[in-house]
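Okay, so here's the structure we're looking at.
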Protein chains: 2
Amino acid sequence: MTPTTTPTTSTVTTGPIDSSSKQYLPVPGHEGMRVPVRRVHLSNGEHLDLYDTSGPYTDASATIDVEAGLPRTRDSWQRPEPVDGASTQLAWARAGIITPEMAYVAAREGFDPEVVRAEVAAGRAVIPANHLHPESEPMIIGKAFAVKINANIGNSAVTSSVAEEVEKMVWAARWGADTLMDLSTGKNIHLTREWIMRNSPIPVGTVPIYQALEKVKGDPAELTWEIYRDTIIEQCEQGVDYMTVHAGVLLRYVPLTAKRVTGIVSRGGSIMAAWCLAHHRENFLYTHFEELCDILRRYDVTFSLGDGLRPGSIADANDEAQFAELRTLGELTKIAKSRGVQVMIEGPGHVPMHKIAENVRLEEELCEEAPFYTLGPLATDIAPAYDHITSAIGAAMIAQAGTAMLCYVTPKEHLGLPNRDDVKTGVITYKIAAHSADLAKGHPRAQERDDALSRARFEFRWNDQFALSLDPDTAREYHDETLPADAAKTAHFCSMCGPKFCSMRISADVRAYAEENGLTSVEAIEAGMAEKSEEFQQQGGKVYLPVTPV
Amino acid sequence: MTPTTTPTTSTVTTGPIDSSSKQYLPVPGHEGMRVPVRRVHLSNGEHLDLYDTSGPYTDASATIDVEAGLPRTRDSWQRPEPVDGASTQLAWARAGIITPEMAYVAAREGFDPEVVRAEVAAGRAVIPANHLHPESEPMIIGKAFAVKINANIGNSAVTSSVAEEVEKMVWAARWGADTLMDLSTGKNIHLTREWIMRNSPIPVGTVPIYQALEKVKGDPAELTWEIYRDTIIEQCEQGVDYMTVHAGVLLRYVPLTAKRVTGIVSRGGSIMAAWCLAHHRENFLYTHFEELCDILRRYDVTFSLGDGLRPGSIADANDEAQFAELRTLGELTKIAKSRGVQVMIEGPGHVPMHKIAENVRLEEELCEEAPFYTLGPLATDIAPAYDHITSAIGAAMIAQAGTAMLCYVTPKEHLGLPNRDDVKTGVITYKIAAHSADLAKGHPRAQERDDALSRARFEFRWNDQFALSLDPDTAREYHDETLPADAAKTAHFCSMCGPKFCSMRISADVRAYAEENGLTSVEAIEAGMAEKSEEFQQQGGKVYLPVTPV
């Protein structure tokens, strides 16, 4: 499993994020185990610790060697004995065992480990952690926890290289991607994935049918269960943490897509539909599903049951094809869980706002609340080049409704492959959607960051405002475009209004004045203090201090 | 009212948008009146007409002369006689009169003119159309109609010039801004506005307190009713169509902001709060509100009752200060309407998703469903540099709940003044939010565009996909980054997956195959046609045609 060809360059982005340092917090009851946080250091001496997906790359004291890979930390953790032949988080959770991974994610999210265990046992949460990906920092996906985001990368037949993909993974994790899907379809699929696995601190997912199709030179009709099975095993052995399996695309559902505006838009879905039609037989992923379960269980690989018939346009949302497949995913969920395999369910796609909640409701009903993992959804079709935004609207809403993980969409969706900048834009945009949902759901830690940033904003602590933001570099750059001087970083106004019109300034002065004069209640004000007014006028009649424009 | 100083350059952006031409549609019963549409010409010979805010600037046959201003089209329209001394759309609507402006917006939106009249009469919609802005193309703001967006521009003491602001107006209208607010606070406020008014095809709003404050050299305590009144009259005379008036910031509400995380963040709100505290007297906009009504009525200027105490952070959302002011805005709404003046109500700000709907519910209850006009709201505080996105999430949701117009937010919000690119990004982002809400509300014309674009996408009509998108130029540019050749515009695959993996291709082939073989129902499929399978294999076992990679 050692990579045999090095990427063309092994340079990846390292170093801490603006005003932050990597810190590690202990895990109660697990000596030597520690969870990473990004500690933001504020100018007033305070700090705020943030959930940190970036791995050792942002640790100033870490030595990064892409060719050696990351430390295999999880190898040293005590793995519990199998339960009824299953060594999966689900089996252990059901047996009442709190695994090291559960303790880790509990500490990472600020939850009681018993809550983590119970959610995993119920199948409402998954911890995608292949035994053979010991470099990963465990994380949990479930609606009781912070909403997670996934970034897709992957070379295609048309473009990109191995080195680029490794850097995209590091880059995505740096800005907040909780998991990564490697959707490579071109040459070097195996090799690209090997480099990513050995260097990824976040769980990695794949869609194995892509590689299987490469093996039959791209002809879906030539696919067989055996080729697919061997591909799955190959990827399990590499350490892939979760796999998209389009086992719900049944032969009888394919005609339901014929009258759609955009037919079948899932690659995996279209491949399986083509296979079903070509052979007039049932989807081999469906007919061999139990065998699949047994393979994934061996490694504790998590199913991500793909929505091969998801809508590709507003017109096709929530239609018969989509929901017929969802019902089948519900059946498969029960089978997977009965065999001890963790499961999440993939969701749409393109859905107008008023049809979003129904997707979550049905998924929860049909799939026993297995974590929902949705692509957007895009709330309109009319904005190619801005589909990170059309989909962030849908993503925030579907996450508020209960979706556990959001698959990002970049500005290049429908148009081309994302470059490094697009990956960052996609990740930051989806952090916004996920965090907005955390706030709406009342996640216990979510609002701390908003409040800290808003206090910094109100007190004109510009550097703190940048440091606390999702993208400090861009926030600073935008500020500097108008007011580049360093002095502007401490100015008690900003470039939008200039010194005279600054509402924040006036407001701070109003507050100080009101407090000094005991005007802190409606009653005090209503007592009507002409006296105060006179005194104020004598002071010069100004509620703000003169400042020198920068 | 002729501008006396020309902008440093009079160049503004002209010419049609990609693959489109300006067309004019007749207005039934109004000979010579015509409403503009952007006609998108598709490669299959079809076309789609879109609502068009861009004015004559996108008409290839129009002669644009910024120094002369736009044609004063509305001057030739027959204005009805005053009703009880009022010459306003509200007064006429109540009297059962369908004005030329009502007929115009009805044709523009595809509604019956009587519906327009009834909505205006009820105060549920406004048509901001100052008699002295005859260059404007009337539009309607109300929840029964398409959701509108406003773009803010304006120079400040720190930066920008007159010419830049005129171009920003033209540019904002080009990409879809329905109204414009000129928030200039620096030098040349009057002159900048004059240039904008005479060249703006969209209604223009202002916040007159900014100019009044300039007149007293920036000291809020020096403001007087008389100075403010004269400023209002000056702006009414220039043709300003709607004005933000912070008459709801009452003395007794000011202390309610003292314990907030971010105090008062509205500039106008903070100015009035400062004035109230300085004098210990009630807000002169409140005490002179009836006189204000009488001035605005003379010109048919619409009130935009400002939310001076709107929350500036998630922590402050839906608090006592905010809702106390909203109750006062409800009182003022009744007074304005009783005097025949059109009214809309401004709304927040920063609001987490779960608190958004309550804002609309309360506004409708307290303000008799006067059109709600909100700034975002931002669904989280933590993403400066991406606040167009944080706010698009809130904007889409609040519009779905009933907000009639959305004030855009640009990526520079909280950081600096928007440049031309930022204006475009803000406008496009808000068109996404507004259109998503139109879809969710079932606006009769909204989905046509999504369906047309999705069909183009499915059929690989790349140029049509670009032409139908909100920003054809950027969509094309992104596509060309990966596949620049002209041939790629007709390729039956795209750069994301390459030819072998294209789900759209496979899906189209699945459809064709299913139809050819009568497999268009579940029954036909379930009849289990081994025969078909065999035949298919004989054809070569491929469900897609070979293509030559570009």
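Keep in mind that glycine also has a Cβ here, set from the backbone N, Cα and C atoms.
Keep in mind that TrEMBL annotations are predicted by a computer and have not been checked by a curator.
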Name the residue, out of A:Asn130, A:Asn152, A:Asn359, A:Asn419, that TrEMBL lists for the same substrate site as A:Met181, A:Tyr210, A:His246, A:Ser266, A:Arg267, A:Gly268, A:Asp307, A:Gly308, A:Leu309, A:Arg310, A:Glu346, A:Tyr373, please.
A:Asn152
Radius 10 Å, atoms counted are CB only; among the binding-site residues A:Tyr210, A:Tyr373, which position scores highest?
A:Tyr373
Cβ-Cβ neighbours of A:Asn152 (substrate binding site) (radius 10 Å):
23
Cα separation, A:Gly268 (substrate binding site) to A:His414 (Zn(2+) binding site) (Å, whole number):
16
List the residues of the same chain that sit at least 6 positions away from A:Gly268 (substrate binding site) in sequence and have their Cβ under 8 Å from its Cβ, in sequence order, or write 'none'.
A:Val207, A:Ile209, A:Tyr210, A:Thr244, A:His246, A:Val249, A:Gly306, A:Gly308
Counting across all protein chains present, how many other Cβ atoms fall within 10 Å of the Cβ of A:Arg310 (substrate binding site)?
27
Among the binding-site residues listed here (A:Ser266, A:Gly308, A:His350, A:His414), identify the one with the smallest other-Cβ count within 10 Å.
A:His414
Short of 8 angstroms on C-beta distance to chain B, which of the listed binding-site residues (A:Tyr210, A:Tyr373, A:His414) are there?
A:Tyr210, A:His414
Cα of A:His350 (Zn(2+) binding site) to Cα of A:Arg310 (substrate binding site): how many Å, rounded?
8
How big is the substrate site in terms of the longest C-alpha to C-alpha distance among A:Asn152, A:Met181, A:Tyr210, A:His246, A:Ser266, A:Arg267, A:Gly268, A:Asp307, A:Gly308, A:Leu309, A:Arg310, A:Glu346, A:Tyr373, in angstrom?
20
Through the lens of DSSP with three states only, how would you label A:Tyr210 (substrate binding site)?
helix
